[in-house]
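**Q** Heads up, here are the entries from TrEMBL:
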TRANSMEM  A:21-42  transmembrane segment
TRANSMEM  A:62-91  transmembrane segment
DOMAIN    A:65-268  domain 'ABC transmembrane type-1'
TRANSMEM  A:103-125  transmembrane segment
TRANSMEM  A:137-161  transmembrane segment
TRANSMEM  A:190-211  transmembrane segment
TRANSMEM  A:247-268  transmembrane segment
Amino acid sequence: MTTLPSRRQARRHVLPGLPLTLGYATLYLSLIVLIPLAALILKAATLGADGFLDAVTSPRVLAALRVSFFTALAASLINVPIGLTIAWTLTRYRVPGRRLIDALIDLPFALPTAVAGITLTTLLAPNGWLGAPLAEAGIRVAYTPLGIIVALTFIGLPFVVRSLQPVLEDLGPEPEEAARSLGATPTQTFWRVTLPALYPALLSGFTLALARTVGEYGSVVFISGNLPFKTEIAPLLIVGKLEQYDYAGAAAVAVAMLVISVALLLAANTAQARLSRRGER
Amino acid sequence: MVTLTLVLVGLLLLLPLLLVFITALRSGLGPYLQALQLPDTQAAVRLSLLTVLIAVPLNTVFGVSAAWATAKFDFPGRSLLLTLIDLPLAISPVISGLVYVLLFGRQGWLGPWLEANDLKIIFAPAGIILATTFVTFAYVARELIPVMQAQGRDDEEAALTLGASGWQTFMRVTLPNIRWALLYGVIMCNARALGEFGAVSVVSGKIRGLTNTLPLHVEILYNEYQTVAAFAVASLLALFALLTLALKALIEARTGRAHT
């Protein structure tokens, strides 16, 4: 009788290492991430509620937050059709060099952002390979909000393609063939059959791209021109405040950005849950 | 559709890549090699390597620990821990640097104490290593957790029942099972650590030859209108990015795994 509980206990603990690994993971997480983040929030809190609100609602801060948010939003929206086109081609067509293109998709992820920044700037500057013909057509890209959007499109692209690819691979041509045999046109089939099946993946790709690009710095600072109220992004404003030793002000802007990022992720998770529930029904 | 894809990939990905190498070699091989041999470039290479050699192993050990705890066990607070591990991914690189300035900077919480003890973290290599560690924090853990979860704990339990010790089980059973996912995570962690710019730029102070990593060195050269030199250093980083992509494709082909 007395052996029973101890045997059950032994069974429960047969795999060792939980205290050690959990303890270490928690300690390391606290040291590297949680304590520094607490320092940030405490620093912002030294301003008091009024001081904090003043700091984050100053016209220049609001303008920078707007630039960061709307350029990231625009770039992520642009990446939806671009990513869909590329993912579609890679999964549905036999393209020459398919594996090479597939590997290249992750370039924005592997290439340091500063390298992407100077490269896109050189490419799109008024005397650049693409910038010169565009300038002749009257379109200025570098040193305008459009330049920021191009840089963020580059950065966000792999997130959309990589979210779509596995879903497109699993989807298979059967539902589309069924729709076609029932008399739907290719356009109807795409809009009513294929696209709805891709909504969750599109949304998650869009969100990942948005989350990554809203705080992006390295690829943007070179191409944006950094004009206050026009092309100054929020991370750059933080750097500027740090250089003027306005630590509390920098912390306040950072906290505002964190709130925006967390709100975005929560909204996306909710939408994602709702979409996949609808998909099950 | 295919043509459109080729145009998009060509314009968005291939053209920038070509521009890096063509601009770097614009004045021929001599100036290219000269730029790479500058003492400041060499110092940046050394600091970048040092940073990667510390940050990546730290995050690898963490990733294995966190994956072992969260994938093989269930405990209260597990999903909170998983969310917190992902947190650094949702934070702007600049903020990842800022938090350490607020902690260790001259006006930071621990600044006076550090100064009294003659320790320097901000505007020194230690800060660069910390900021890089923060940014690449989740890379290995995120690769390992789903893989280890899918594998369950049957293999380990069998090994333990047959008399293996915990450490033997990990080395001989778990590690071979996760080796590709581990390698994949380390490669991605490594690529991000080497290329990190925003976080490092905040804590570095950009002292030439002392606290410049390769991406920061690229920025300085570029801002000084030393275009060929800037792109020469950038081409080193681009070559490394291509190597990363090749290794990544190789692992994917080897394991037949889907894309991440």
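Numbers here mean position along the shown chain, with the first residue as 1.
Backbone N, Cα and C atoms are what each Cβ position is placed from, and that goes for glycine too.
Note that this is a predicted model, so its numbers are computed, not measured.
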**Q** Please work out which recorded stretch in A:21-42, A:62-91, A:103-125, A:190-211, A:247-268 has the most C-beta pairs separated by under 8 angstroms from the transmembrane segment (A:137-161)?
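**A** Per the Cβ under 8 Å count, A:62-91.
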**Q** Kindly say whether the transmembrane segment (A:21-42) and the transmembrane segment (A:247-268) touch, using the definition of 3 or more Cβ pairs under 8 Å where each pair is 6 or more positions apart.
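**A** Contact criterion met.
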**Q** Considering only Cβ pairs under 8 Å, which range in A:103-125, A:190-211, A:247-268 makes the most contacts with the transmembrane segment (A:62-91)?
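**A** By Cβ pairs under 8 Å, A:190-211 leads among A:103-125, A:190-211, A:247-268.
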**Q** Could you give the residue numbers and ranges of same-chain residues that sit at least 6 residues beyond the transmembrane segment (A:190-211) on either side and whose C-beta is under 8 angstroms from one of its C-beta atoms?
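**A** Cβ under 8 Å, 6 or more out: 72-73, 75-77, 79-80, 83-84, 155-157, 159-164, 166-168, 171, 175-176, 179, 184, 261, 264-265, 268, 271-272, 275-276, 279.
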